[in-house]
Each structure stands twice: as C-alpha cells, then as structure tokens.
Amino acid sequence: MRAHASVLHLDLDAFFAAVEQRDKPSLRGKPVVVGGVGGRGVVSTASYEARVYGVRSAMSTREARARCPHAAYLSGRFEAYRSTSAKVMAVLRDCSPLVEPLSLDEAFVDLAQAGLPDLEVATVTALAEEIRARVREATGGLTASVGIASSKFLAKIASDLRKPDGLVVIEPGTELALLRPLHVSVIPGVGPATVERLRRAGVHTVEELERVSQDELVRLVGKAQGQGLFQLARAEDDRPVVADRETKSVSVEGTYEHDLTDRLQMSAIVTRQAGEVAKRLRSSGLSGRTVTIKVRLYDFTTLNRSSTLPAPTDDPATIARLARALLEDLDTSGGVRLLGVGVSGLADWIQEDLFAATGEDDTPDTGTTADEPAPEEPEQAGARWRNATWAPGMDVVHAEHGRGWVWGSGKGVVTVRFETAETPPGPVRTFRADDPGLERWRPPSEEQPAEQ
DNA sequence: TCTGGGGTCCTAGGACCC
DNA sequence: TCTGGGGTCCTAGGACCC
C-alpha cells in the first residue's frame, strides 16, 4: 500500500454493448445483449438497459431471451472492440508510461509515473476526470468508471463503487473503514467456491475475514489464496503495475450446437483448431512446447490432455498431429459438446533460431571418437532431419520425417523410432550421439500408412 | 434440451535426478 | 534388503477473471 492514491483502475462500462450502441444509433437507449446467440450461447455483455430486466454476464442466452425478449441479441464484432480498446489504451499511455491492460476494457495505470506535480487527492482526481473526458472523445462517446487508491486491490474496488460513468478516489488512511463492511466477494479472486467455504466458517464481510488467523485461512482455502486473503483483508497490497505482461498460452475452442459423436469429424475439428492456434502463434512470433486438448463431454465433464515436445513449435501439422493423438486416447462415445486445442510453454524464439544457434556444419564437431565413452553432455550439433528440434544439451529428439515423427532420447546416445499419429511406434534403434549413422538413418517409411 | 471463449494462477501427485 | 530429502518437470483438474 502506497502513501498516496496513485494507482488508477479504469473500466469501460458495458463495453461490447456500448460499442454496438455507438455504431448503430437505433440501438441507443435500448437493451442490447452481446454474446453467443445460438442454443448454447451465454451473455458476454448486457447494456444497462438490458440489466434492468435482470440480464447478466455469463447467463445463458436462453435465459436472457426469456427475461428480455425485446433486446437486440448480437454475436459481437471483436475487431471493433479491439480497435476501440487500442484507442483507450493509447489515452492511458499518454498519461503514464506504466499501463497494465487486464483485458480489452480494463487497465491499471501507475500515476506515480505520470509526471504529476504531486499525488494529492485533488491532483489525481483532476487527472482522472481528464482521462474520462479524453476516453469519451477518443471512442466516440464511451463512458468509463475509474477508481484511484493506494493499491491495485483498492483501485479496482473503487472503480466498481459508482458504475457506470463514475469516479471514486479512496483517500489514503480511509481504506480499512471503506473495506470492512463490504462482502468478501468484492475481493478479486474470491468467487462462488471461496465464498461458500468462508460462509461455512462464519465469514461474510471483510471485517469478519480480518479476524481469521492466517493459519486458519490457509487451512480453509489453500496456501497461496489463504496468505493473499490474510493480506487483502488488511488492505495490504504491494503488487506493482506491470506493463507488457507476457502471453503464457494460446488456445482455440468451440462448443457445438449438437454433441459430436463422429470421431472423424472431431479429428477434423482439432486439426482445424490446431491450424488456427499455429497461425496466431506465428503472427505473434511465438512458439510453444506443450500442446493441450480440451474436451467437454455431454455431461459437462471437462478433460484436458497435454503432451510436451522437446522444443517449441509453431507448426500446424505438428500441433495437429499431437492434438489428434491426444484425442485418440479419450472415450468420447457419449458425445462431446466442446473441443479445443491450446499451446503453452511459450518461447519467443522458434525452431529455426535454435538451429541457427547450434550451427549447421555437415560434420558435427565433437571432441570424442568412436572408441571413447559417450560424453555426459554431447557437444555436437543436433541431428538434421527436416524440422528437427534436437540440439546439444537436449535429451530428447523430435523431428518430422517424411510422413511421421522421429522420437528419441538419451544422453550421449540417441534412441530413435518412427511413428505417426495413426500407428504405433516402429522399431527402436540406438546410436551414439556422435555416430554419423544417426545422420543417415531413415525411418522404415515405406511400411507406414500415409497420414489422412 | 441450463452452463462461451480466451485467458491466468494454484494444487497435487508422480517421475526423475542428485 | 532399507529407505532421505530437495528440486524440477510434467500432467490433470479446478477456481477465477473479463
């Protein structure tokens, strides 16, 4: 917690719906619901006119239609939201270099970096009003709610207190008085499951939370969350505003109007999704080692299966093969309502960079000869199959080879075998890592069926 | 024919290594 | 022929956020 109220949190009001009303004047003043419009859709954003009828985010669109049949139901135009968001973020970055976007419609701004003459309440209030006016101007009339306080935690709570189109500055020294009477659910990270656990322990308000020992909180909700709650209940929060947070994963998923039962169709879907993930990875200059599929069964049971490669990839065929192989191992006979593919373990370098760094000599430069024991850490360049991703220091090789994969492992030795997504692994062969035969090895590809 | 899509973070168990 | 402790990586699931 800082001595001054110098953390600002900005939240655009009913953002997606507000963009639609801005761009389509006939929708202004009327209930607008943005979200999935199909039979299994949910509400993403409801305009304030729709909220009057009890329509809320995350509600099924079916229920929203029952509550407010005359609303306009729109599936959303994310390009418009992205470009509008970019204008808002530009306004914020113009005020302070330290801006942390949380989503398209939310961001923290560190006012201690804004170059203000001081951080008194009157000064930051004037800046906040200026920001709100500039956001309105830059976006063609969108309103924002702003909170300013001595920490991220309190700034976020403050921006929620006077929605929509509100501004709340929590004066330093008054934080606990404001916080104590509030319900624990105002604390970010406290959702339905945590509310229920705390309720059973007789805890409803922040004031009651403050009376629980740290050990007891850890027992109730786990180590990380328990320690976090113990601090937040005392308004203790020193988390810095962080610009440029790195992407950790990229994923694509889809829920289908009717449960899927056809394995071939599912296979085709994850192949397409893998392609979309790869495209987005490439457009961001990213690649990742772990491929995950997500499968939601007919009964809403959700399964994740993942597999980690020895080196990052952004190759659609590699991601698709792995995703299909993971799908093969699941029993989907009861029907599948959702399928998804994701890549995590991201690096901002890709295979080619790794390769370039390890050298491309035709003859691996190794200090060992054939009759010396293999070194613990092989120093020669990796095997050079097409798209190979093995390099010195790595203990597994993974490479694309013709119509299948080569897998192998070892320290000083490399064990290789050939497989495709559709066939079991072929015979195993072992080479010393510096054996030139490794370079010449070819899979028994003629025996392998072609990939679909 | 309840229950999206894109994310982040945490927990827990097992494998493996030293 | 008994039995460690710590650290890291991987996998699976769950809570939560917008």
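For all residues, glycine too, the Cβ spot is worked out from N, Cα and C.
Unlike curated entries, TrEMBL annotations are predicted automatically.
Around A:Glu106 (active site), the same-chain residues six or more apart in sequence whose CB sits under 8 Å from its CB are A:His9, A:Leu10, A:Asp11, A:Leu12, listed in sequence order. In the three-state DSSP assignment, the secondary structure recorded for A:Glu106 (active site) is strand. Marked as active site by TrEMBL: A:Glu106.
Under the heading Mg(2+) binding site, TrEMBL lists A:Asp11, A:Asp105. Neighbours of A:Asp105 (Mg(2+) binding site), defined as other CB atoms within 10 A of its CB across all chains, total 22.
As annotated by TrEMBL, compositional bias 'Basic and acidic residues' applies to A:431-445.
What TrEMBL records for A:7-191 is domain 'UmuC'.
Feature annotation from TrEMBL assigns region 'Disordered' to A:358-381 (among others).
Per TrEMBL, the feature region 'Disordered' maps to A:418-452 (among others).
TrEMBL lists A:Phe16 with the feature site 'Substrate discrimination'. Note: A:Phe16 (site 'Substrate discrimination') has non-local neighbours A:Val34, A:Ser44, A:Thr45, A:Gly76, A:Tyr81, i.e. same-chain residues 6+ apart with C-beta under 8 A of its own C-beta.
Taking all protein chains in view, 20 other C-beta atoms sit within 10 angstroms of the C-beta of A:Asp11 (Mg(2+) binding site). Annotation note: A:Phe16 (site 'Substrate discrimination') sits in a helical segment as assigned by DSSP. Summarising model confidence by region, the domain 'UmuC' (A:7-191) averages a pLDDT of 98.
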